[in-house]
Each structure stands twice: as structure tokens, then as C-alpha cells.
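Asks: Provided herewith is a single structure, encoded as C-alpha cells, for subsequent inquiry.
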Amino acid sequence: MSPDELVYLGILAASIPVGFLFRYLSPPVKQGAALLLGLIISIATCGIHTLHSFFTVLGTWLIIKISWRNAPALSLGWTFLYLLFFRLVTWFGLPQPTPFANAIQLLLTLKMVSLANEVQSYHLEKKKEVSDFTKSPVVGGLSHEPSLCDIISYSYCYVGIMTGPFFRYQTYADWLQQSSPLSLPGKEPCLQRLKMVPVYGALFIAVNFVFPLSYVRTEEFLEHNYFYRFFYMVAIFFVFRMRFYSAWCGAEAGCISAGLGCYPQGALSKPGGGPTVKYSPDPDTVVEYDFKTIQNIDCYNTDFCVKVRHGMRYWNMTVQWWLHHYIYPNAPFRAYALRAGWTMLISAYWHGLHVGYYLSFLTIPLCIAAESAMEASVRARLGPKGQNIFDWIHWFLKMRAYDYMCMGFVLLKASDTINYWSSIYFIIHIIAVVCIGVGQMMKGGKKRERREQGEGEKQDVVREKAE
């Protein structure tokens, strides 16, 4: 493990026991202590680069104060432009930010855009209440516009400050105002989330030792046979998954110990978004709680869901919620594959400027188009047994597609990514294009059959009339 990874591990490990202590604090003390601890972590790991996140917060607050109505679009433009400056600071003679500063900046970008949308919704619903004389039916809406102090406290809350998960301002406000945090579940769900972390961590270390990423960049690697080169991406993606499974399960445990994102199961909470329905439990019934709001990874479904599009749904779930609510609906396209492509382009930009991100993320829409074509033209014609076989083949190809795309994500450079993909003959791109072609041909054949069938029926009708 690198020194940076050890720092992340230390912060994650410390946040879990600290979280249980926060359950004893009153709302004002909890807010101040969470802010103080977050600032200590930020300054200790980022130093002077903490100013980047502070300027981002200050700029968003000014946007909200000046024009709450246009705040969502303006805040998205502001935070994403600042990300560009943040990544190109060396061009302006400024020092390169630390990896920790980058992690904080990424999560802060999500928070600020979400906050702007929440404030806009608050004002729109408030105006609607005044004009209609009815209380807003919106679930999880703000009760007041956050002050600058509130926004800073939310931005630098120690929970998930560098590792996530993303959570909305309303989730943060609900956490501060919990009436009896000590009575909420904590120890059992926390242990449940941590039980597989040692396994994930051990597998990450072991497989990473046997299959180091750096070996892919050597000339010696290219001398191996095709199947070895192909299998290597399977191992690399396995290491990638184990690393993030460990980190995100640990980050969720830190939220659980503090009680952040704890809502009644009846509220039907969504990862990242929180409650979706207003829930008023019966006083005589026992209320069951969950932490769906801060769930960032579904390890089982990430590995065993069948479709490429579903694989995205179970990975980095809170960020997927953010993309689905703030980027996907505003895409300048109507077709699903194109909208998905636009969303993936924004996601790639959010992750960084390395070409490998774009090569990887923009392969996803191609894979989605391929699986959609095959489902419509092949699977739809099969019986139950045939569909089951189709799904197993689909799952296998889905995993290989993510193995393939992961290489661009971790190699980063365009040259390294293209060199690796060319060493396995761009196999996933070729399979995707072939699937789309086969789907189109079978779709055309099906239309021709229907047309011929329709013409035959017309001829039968004419013949019957003639007789």
C-alpha cells in the first residue's frame, strides 16, 4: 500500500469509533465538532490547498445569494470550471494540489451543485405555498435557506470528507436534528458493513502483488500470449473492485457509527437522495431503520447483475444518484444511449482530465447500445431456457466489458490505454459493434417478415372476396 492509501485507511479507521461519540452531542455542538474535525483533516492533509475548497464554497454561496433561481446551472458551471483551474494550477505557477485535496474537491463539487438545487426547490415550493395556501408535498425539502456558516459546516463535515459517500444538505441537517441518536441502530449495522472488509483488503493486497498494474506498461508484458494479456485485465479489475469495496464499506461504516443517513425503512430512502416518501409511523409499532441513504456500493449486485447499465447502478451509488438527478435529465439528447453518453462524458470530466477516463466512460454507451440491440433482436425471441443461457453469456460479457474499461481508468494515459487495448485487438469494441450490427440485421429481417405476412393476409382477403 502507498503512503497515501495508509493515510486514507487511518482516517477511515479513526472515523468509526469517533462517530459513536458524536451520538452523545447536542445539535449545535455536533455541528461545530464535525466542522472542526473536518477542517483539521483538510488542513493536515492538504495544507494551503484547502483554500481551493474554501473558494469553491464561497463562490457557491454568492451564487445562491445573488440568484437562487439560476443557482443550479450557475453552480454547476462555477464548480466545474473551478475543477478545470484546480487541475491546471501548475500552468499558473501555483503548486500542484495533493491527492487529498483532489478527493475533497471532487466531493465538494457534488455537494455544492446539490445544495444549489435544494435551495432553488425550497424557494419555488415556498412561493407555491404562498400562492396556493397549501403546504408543500415535497419530500426531504429544506425548511430554511442555509446560512454561510451552515454551508461551510456541511462542506467540511468530517463524515466522508475525502472518501464519500455523497449526501445532500438535507441529510446533513436531519443528522444534526436527530431527536434521540443513541436509540438509533449503530453497532450491529456497522459490524455488518465491516465484516467483509478484511477479506476485500487481503484479496486486494494479494492479487495486486501478483498482478501489478505497472507490468502492463512494460515491453515484456507484450511478449506474453494473447490469453495471458486478456486475463490480466480481469485481475486488474478484481484488484480495483476489492480496493473500492474495502474503502466504501469502511466509509459507510463511518456514517453508520455517527448515525448519518439513518431513516425509517418506510421512508424508502435512495442512496444519495434520502427519503422518497413522507413516513409517519404508528406509535404502537416498532420502527425499523436503515442506512440506504449513505449506501455507496452493492458488492454482490456489482459482480452478479447481468447488464452493463445495471452495473453502473450498483457502483458508487450516491454519485450515480447525483448524475441521474442533475446531469442526465439536462442532457441535450433524447435517445437513452446518447443521454448515457453525455452523462458518462460529464462523469469522466468530474474524475479528471486524463484521456483514459474518457476512453473508458465513453465505451459504456457503446456497450449499452450493443446489449439493447441483442436483447431486442435475440433474447426476445427465446424461450425461458434460452433466455437463461443468454443472460449467463450476457453477464460474462458484461464483466469482460468492465474489465476492459477499467484498464483505461487505471492506466490514465491515452498511449498506455490504446497499447493495452490493441494488444488484445480491441476485443470489446469489436464485440459491441458486431452485436449492434447483428441486432440491426435481425431487426430488419423481423420487419420484413411482418411486411410479408401483412401482404399475404391482404392477398387472402382479396381472394376470399373474389370467390
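Cβ atoms are placed via backbone N, Cα and C, with glycine included.
Pulled the feature table from TrEMBL, pasting it below:
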type	residues	note
TRANSMEM	6-25	transmembrane segment
TRANSMEM	37-64	transmembrane segment
TRANSMEM	76-94	transmembrane segment
TRANSMEM	197-215	transmembrane segment
TRANSMEM	227-244	transmembrane segment
TRANSMEM	356-374	transmembrane segment
TRANSMEM	420-442	transmembrane segment
REGION	446-467	region 'Disordered'
COMPBIAS	450-467	compositional bias 'Basic and acidic residues'
Asks: Against which stretches of its own chain does the transmembrane segment (197-215) lie, if we need a Cβ under 8 Å and a gap of at least six residues from its ends?
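Replies: Contacts of the transmembrane segment (197-215) (Cβ under 8 Å, skipping residues fewer than 6 from its ends): 1, 221, 232, 235-236, 238-239, 242-243, 245-246, 249-250, 253, 410-411.
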Asks: Between the transmembrane segment (227-244) and the stretches 76-94, 356-374, 420-442, work out which stretch tops the count of Cβ pairs under 8 Å.
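Replies: Out of the listed stretches, 420-442 contacts the transmembrane segment (227-244) most.
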Asks: Using Cβ atoms and a strict cutoff of less than 8 Å, what residues sit near the transmembrane segment (420-442) while being 6 or more residues removed from its termini?
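Replies: 216, 221-222, 226, 229-230, 233, 363, 366-367, 369-374, 376-378, 397, 400-401, 404-405, 407-408, 411.
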Asks: Same chain only, please: residues at least 6 beyond the ends of the transmembrane segment (76-94) with a C-beta under 8 Å from a C-beta of the stretch. Say none if there are none.
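Replies: Residues packing against the transmembrane segment (76-94) from afar: 52, 55-56, 59-60, 63, 102, 105-106, 108-109, 112-113, 116, 326, 349-350, 352-353.
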Asks: Residues sitting near the transmembrane segment (356-374): Cβ under 8 Å, six or more positions beyond its termini, same chain?
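Replies: Residues 307-309, 312, 336-338, 340-341, 344-345, 347-348, 390, 394, 398, 401, 404-414, 416-418, 428-429, 431-433, 435-436, 438-440, 443 contact the transmembrane segment (356-374) from elsewhere in the chain.
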